[in-house]
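Notes follow the structure.
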Amino acid sequence: MKKFHTAIIFLIGFVFSSLFQVSVASVVSTGDFNKDFFVVWSPTHVNTSADGRTRSLKLDQESGAGFASNQMFLFGQIDMQIKLVPGDSAGTVLAYYLTSDQPNRDEIDFEFLGNVSGQPYILQTNIFADGTDNREERIYLWFDPTKDFHTYSVLWNMHQIVLMVDMIPVRVYRNHAEKGVEFPRWQPMSLKVTLWNGDSWATRGGQDKIDWTKGPFIASFRNYKIDGCVWKGNPRFCRAASPANWWNQYNSSTLTSAQRRWFKWVRKYHMIYDYCQDNERFQNNLPKECSLPKY
């Protein structure tokens, strides 16, 4: 009997150890920007700490800058702490997004639209699926994102895409592919971060231009985590409902009751534009997903 108990204890320990190893294995980032990302353009405008743990991008009249992940992913969760451009940032755009970079690309966007000093920051989100976008939503952030770092996250799985700010869901795009709505589910995507001049449209529809005397404009990044399925050429490994692919499990298939309350709070008090409410733009023919449930 003693040997039996010992065997059971050993088996339980082995199972827990295996589960722990699987969960750790799904985290594919190192926390070092130099190891997980490459500079897309203007390396003179990218500043990385000696230990690789923090990075900043600079925008001035000469150039913006950007970096992208070395790997591509199909499903998972990505988190990054960001401190946005402070002061009068009108006309600047910081984009933090996943993209497949194909002609019929899939893309999941956070776009932070610069503001005139004293005005709230606007977060615009958008979803591209099979080359189709026009799914913009805008909210005012309920805090000053230039004073400190805040965590911006994307959960992407077979069931839904959830964009979160400090783990509060601000955007949900559900998989209704069986009802004819495009959903990003086949194309792997890389993570990109860019800071650039968008003053033709970004602030009050382009009315407020960049005041270069207020520059340079700097955004900072730290404490990122990429917990996802690295693309190896076959989607079935990333789509499988295995323990390693925790994001495809039931617990991540829809918002929890607490998340739903937060999501409703954001939409009630902070949303300023929803494409699903823009009948004029779509000539009273709103996209199909607008009439379908989000969770």
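Every residue, even glycine, has its Cβ placed from backbone N, Cα and C.
Nobody curates TrEMBL annotations by hand; they come from automatic prediction.
Summarising the annotation, TrEMBL assigns active site, nucleophile to Glu107. The active site, proton donor annotation in TrEMBL covers Glu111. The feature domain 'GH16' is assigned by TrEMBL to 22-221. Feature annotation from TrEMBL assigns N-linked glycosylation site to Asn115. The signal peptide annotation in TrEMBL covers 1-25.
Residues near Glu111 (active site, proton donor) in space but far in sequence (CB under 8 A, at least 6 apart, same chain), listed by position: Val93, Leu94, Ala95, Tyr96, Tyr97, Leu123, Gln124, Thr125, Asn126. Mean per-residue pLDDT, taken over the domain 'GH16' (22-221), amounts to 94. Here Asn115 (N-linked glycosylation site) is positioned 25 angstrom away from Glu107 (active site, nucleophile), judged by their C-alpha atoms. The highest number of surrounding Cβ atoms within 10 Å, among the recorded positions Glu107, Asn115, is found at Asn115.
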